[in-house]
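Copied from TrEMBL, the annotated features are:
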DOMAIN    34-86  domain 'Acetyl-coenzyme A synthetase N-terminal'
DOMAIN    90-473  domain 'AMP-dependent synthetase/ligase'
BINDING   R196, K197, G198, K199, T314, S526  CoA binding site
BINDING   G390, E391, P392, D414, T415, W416, W417, Q418, T419, D503, R518  ATP binding site
DOMAIN    534-612  domain 'AMP-binding enzyme C-terminal'
BINDING   V540, H542, V545  Mg(2+) binding site
MOD_RES   K612  N6-acetyllysine
Amino acid sequence: MADTPQETLANLLSEDRTFPPSPEFTQAANVTAAAYDEAAADRLAFWEAQARRLDWSKDWDRVLDWDNPPFAKWFTGGELNVSANCLDRHVANGLGDRVAIHFEGEPGDTRAVTYAELLDEVKRAANALTDLGVEAGDRVVIYMPMIPEAAVAMLACARIGAPHSVVFGGFSAAALSSRIDDAGAKLVICADGGFRKGKAFALKPTVDEALESCPSVEQVLVVTRTGQEVAWNDRDVKWEDAVGGASNEHEAQPFDAEHPLFILYTSGTTGKPKGILHTSGGYLTQASFTHHAVFDLKPETDVYWCTADIGWVTGHSYIVYGPMSNGATQVMYEGTPDTPHTGRFWEIVQKYGVTILYTAPTAIRTFMKWGDDVPAKFDLSSLRVLGSVGEPINPEAWVWYREHIGGGSTPVVDTWWQTETGAIMVSPLPGVTATKPGSAQRPLPGISVDVVDEQGEAVPDGGGGFLVIREPWPSMLRTIWGDDQRFLDTYWAHFDGMYFAGDGAKKDDDGDLWLLGRVDDIMLVSGHNISTTEVESALVSHETVAEAAVVGASDPVTGQGIVAFVILRGQSESSPEHLAELRAHVAKTLGAIAKPRQVIIVAELPKTRSGKIMRRLLRDIAEDREIGDVTTLADNTVMSRIKTGLQGGKED
Ligand code: 6R9
């Protein structure tokens, strides 16, 4: 670990607001406090009971094979079909007419797809894939906008045992081809394009360009979404012909619990992307259980909406596999939150009576910036659980979310997990936990997460350090595709016998967990390790600040100086007095050690498509360097706009 801090993380921020669930919520909750005790008494028996949520064609012999750590096998000897668990069994139980997906296209087109219709389409797609020569074990790359066919493609792959690798519809030809190549994919499923920010964007030309250097791909299956003109090659097949013309009879075959289900590439900050491999039985068990427990899903009455893209792990686990294994009715939205107006999300919540909403802190902070009056125009009273994922949620944003979206009464669950963990690991349980703004709080039942120091010793309450996972969990990554050594080096080499997540964290005085950002981002100021998250949260707690990103820039005196990039709420201009006030506000909230050397007002921040701030690029600006690799940015022109629009104040 090149950037390993030499001392434990300073614990600066304190929070004493708590929000217990209402007695009515607790009474009706899917999971009670007893789950923690059951799991603590016998962790494997607990997971075995959760695996019974699914239909298995053949029972397992062993719950966990950990004979060759860190290569885990869960439910060994067991067999199941993931797609049959998400579809066939619901239809067989008489739920075929239940809406699985309320699709809302960005241009305003809508479709309601029932479980029976979804199953019909997935069976046709499975037959079409088989006709195209795809067999169990073959890899299929999916490059699609947020349309129901993306879920159909994933479930059809799962049905025939062909691992899918979904690549974000926003990625470039180079990013796409390196992922296709690494997976050795045989088929690509894409769309002509999709709709975003009021315009049709093209996907097919990017696939054509990517395939110039991908010899493994034999065919391309193309869904028509926008109807735009596309070049047509010999290898291209129209989805409407192949799937539309295929039989809707298809008997799902069982696969081994450890059969690969999907590969999902995480960009990482450096080096080539890592293909995170997930398998079937353990993954589906934890995705299904956590969706049931953390969101308290009542499939008969709830309308669930996860706003993530399907190309992100959140879309895999909490749009496709978790919700569908639970028979949920959900909303799927194709576009952006400000098209055609900034109230689009709330209009959708009102229209469908959404009861459970799962979104990202970056979106919440953007809504704060747009103003309280936007959501106030809509009826959001159907909402009963709110979730957050992707980054630490600042206490201020958490409270705003509960107040202005949740009517001041809904539980807010801050869910920590990773592509690698496959499913939620740390989160409040909405009917059990008294929630605390900004804290992900406790590992879920059956999950063993801790915070340790340099030596791998657990830190006491009130201390900070590195987030680790002590025991294997069902939806854990099995390896990095094609690179076991990198799997060992990246996650298992830092602390003996523990998985290292790469995140910094602290335990507060109650033992609740606070995520403090990636350890690579932690700043070392005058001998103190300070987390970017705490300084950002302090800035966001100032009434004029909507969003902040903080980096440590080399400083001849202090080692690193804190440089803050700030987006203001409803104003774009600042003054020297205002900048001084922001710096003083941080010093007052966290102590003088955390006072930023410099505050720079910006209109936007560099983010990945899943909304994570790319601090590495801001560090380049703060240190006046050439800006590094921007290929995973959602909008790769943002850096030049930030550079040309700099407005800031510096300590003399
Ligand atoms: C699901 C997902 C994983 C990284 C993770 C951490 C950050 C995610 C968070 C959070 C604080 C939360 N992260 N959820 N940090 N609080 N609730 O985001 O997967 O894209 O692989 O990112 O995201 O740094 O290590 P992925």
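A Cβ is built for glycine as well, from the same backbone N, Cα and C atoms used for every other residue.
Cβ crowding, taken as the number of other Cβ atoms within 10 Å, peaks at P392 among the binding-site residues G198, G390, P392. The Cβ neighbour count for V540 (Mg(2+) binding site), using a 10 Å radius and every protein chain shown, is 24. For T314 (CoA binding site), the nearest neighbour among the binding-site residues P392, W417, V540, judged by Cα separation, is W417. Taking the C-alpha positions, the distance from R518 (ATP binding site) to V545 (Mg(2+) binding site) comes to 23 Å. Neighbours of K199 (CoA binding site), defined as other CB atoms within 10 A of its CB across all chains, total 12. With a cut-off of 6 Å between Cβ and the nearest atom of ligand 1, the binding-site residues R196, G198, K199, T314, G390, T419 reduce to T314, G390, T419. In terms of C-alpha distance, the listed recorded positions P392, V540, V545, K612 place K612 closest to R196 (CoA binding site).
One way to see the shell of the Mg(2+) site is to take the Cβ centroid of V540, H542, V545; the remaining same-chain residues with a Cβ within 8 Å of it are E396, A538, L539, S541, E543, T544, A546, A548, V566, R569, L582, H585.
Most buried of the recorded positions K197, K612, judged by other Cβ atoms within 10 Å, is K612. In terms of C-alpha distance, the listed recorded positions K197, G198, S526, V540, K612 place K612 closest to G390 (ATP binding site). Considering other CB atoms within 10 Å as the measure, the emptiest surroundings among the binding-site residues T314, T415, T419, S526 are those of S526. For the domain 'AMP-binding enzyme C-terminal' (534-612), the DSSP-based tally of helix, strand and coil residues reads 25 helix, 27 strand, 27 coil.
P392 (ATP binding site) and V540 (Mg(2+) binding site) are 12 Å apart (CA-CA, integer value). For the domain 'Acetyl-coenzyme A synthetase N-terminal' (34-86), the number of residues in each DSSP class (helix H, G, I; strand E, B; coil) is 22 helix, 11 strand, 20 coil. Here the Cα atom of K197 (CoA binding site) is found 31 Å from that of H542 (Mg(2+) binding site).
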